[in-house]
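Notes follow once the structure below has been shown.
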Amino acid sequence: MIRHHLFWPVAALVVLLVVNTVFNPSFLEIELQDGHLYGGVIGILRNGAPTLLIAVGMTLVIATRGIDLSVGAVAAIAGAIACTWIASGGDALTAMLLALCVCVLLGLWNGFLVSVLGIQPIIATLVLMTAGRGGAMLITEGQIITVDDPLYRQIGAGFLVLPIAILISLSVLLAVAALTRGTALGMLVESVGTNPRASRLAGVSSRTIVWTVYVFAGLCAGVAGLMISSNVNAADANNAGLWIEMDAILAVVIGGTSLAGGRYSLAGTLVGALVIQTLTTTVYSIGVPPDAILVFKAVVVIAVCLLQSPRTSELLGSRRRAGPARTRTPEVSAV
C-alpha cells in the first residue's frame, strides 16, 4: 500500500485537513443554506476548481513530454476579453464564447510551435507566458475592468447545490478520464510521451496528438480564466491566474505523472490539486506571513515529491523486507 503512487499525496492531504481542523474545529462541517452547500471543504473545492481544470489539461501536455507555462497568461486573457466585452455593452454568452475561441487559437499557436516547428515546449510557451500577460493588459488598458452580469457571475460564483465551478471542473475531469480510458486516445498519448519516434514508426500521428493536447490545455485555461474573473466580477490582468501554471504543474507532479512523459494519472492530478489548494488554505489558517507562503508551499511539495520518489520507495521496501533473522529448527525425520 505504501508503494502506491497516491499513498503519500493522500497522506499529505489528510494531514493538512487535520491541521485545519485543529485550528478550526468546525472546518469539516458542511451546511445546507438556501439549497447551497457551504463549509471549509466546499471552499477548498471551489477555490481549487480553476487549478484542477488547468491541471487536467497540463496532465495531458506533460504526458506527451511537453509543458505549458502560458496557461496563467491565457487565463488572464480570457477574463480580460470577456469582461471588456460585457463592460462595453455586449452580452455575457458572446463574451464567453469569444474568449474561449481566442484561448483555443492560443493553444493552436503553442501546438504549432512545439509540434510543427519543433521548438522546445518550455521556450515556446514561455513566449506566450510573457506576451500573453502583456496582451491582457493591453485589452484592459491597464485597468481593472468590473462587470455586473448575472449570467457571467454564475460561472465562478453560482450554485447548483454545489458551486458551479466545482461541477464544471469535475465534469471535465470525468469526461477526459472516460475519453482516455475508454478509447485509444489514452494509449496514443502515452505512446507519444514514452517514445515519439517509435510511435511515429508505428503509424501514430504524434504531431496531431501533441497539437491536440496543447489546444485542450488552452481551452481549459480559458474556462479557468472565466471562473477566476467571474468570481470577483472583474478582470485584473496583473493578478488573474498569476502563478497558477506553477500550481497546476505541481499538482500534476504530486499526483504521480512523470515529467519525462508517458505515464500519467488523472486521479493523481485531482489529489494533487486538492493538496495544493488545501495547503494554501492551511498557511492562511495557521498564520503564516504572506511573504513566506510560496516558500512554505515549496517545502511541503518537495517533501511529498521526495517521499513518493522511486528511490524512497526502494529504501522503504528494503527496510520492510529486512527483518530479524529467523532461527530455523532442524527437522528430525522419524526412523
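Cβ from N, Cα, C; glycine included.
Feature list (source: TrEMBL):
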| type | residues | note |
| --- | --- | --- |
| TRANSMEM | 37-62 | transmembrane segment |
| TRANSMEM | 69-87 | transmembrane segment |
| TRANSMEM | 93-114 | transmembrane segment |
| TRANSMEM | 121-139 | transmembrane segment |
| TRANSMEM | 159-179 | transmembrane segment |
| TRANSMEM | 209-228 | transmembrane segment |
| TRANSMEM | 240-259 | transmembrane segment |
| TRANSMEM | 266-286 | transmembrane segment |
| TRANSMEM | 292-310 | transmembrane segment |
Checklist line | the transmembrane segment (121-139) vs the transmembrane segment (209-228): 3 or more CB pairs under 8 Å | finding: no
Notebook entry, point to check: Near the transmembrane segment (159-179), which same-chain residues lie under 8 Å Cβ to Cβ, leaving out any that are not at least 6 residues past its ends?
Noted result: 35-37, 42, 45-46, 49-50, 52-53, 56, 60, 185-186, 220, 223, 227, 231, 266-267, 269-270
Note to self: Assess whether the transmembrane segment (209-228) lies in contact with the transmembrane segment (69-87), where contact requires at least three Cβ pairs under 8 Å among residues 6 or more apart in sequence.
What the structure shows: yes
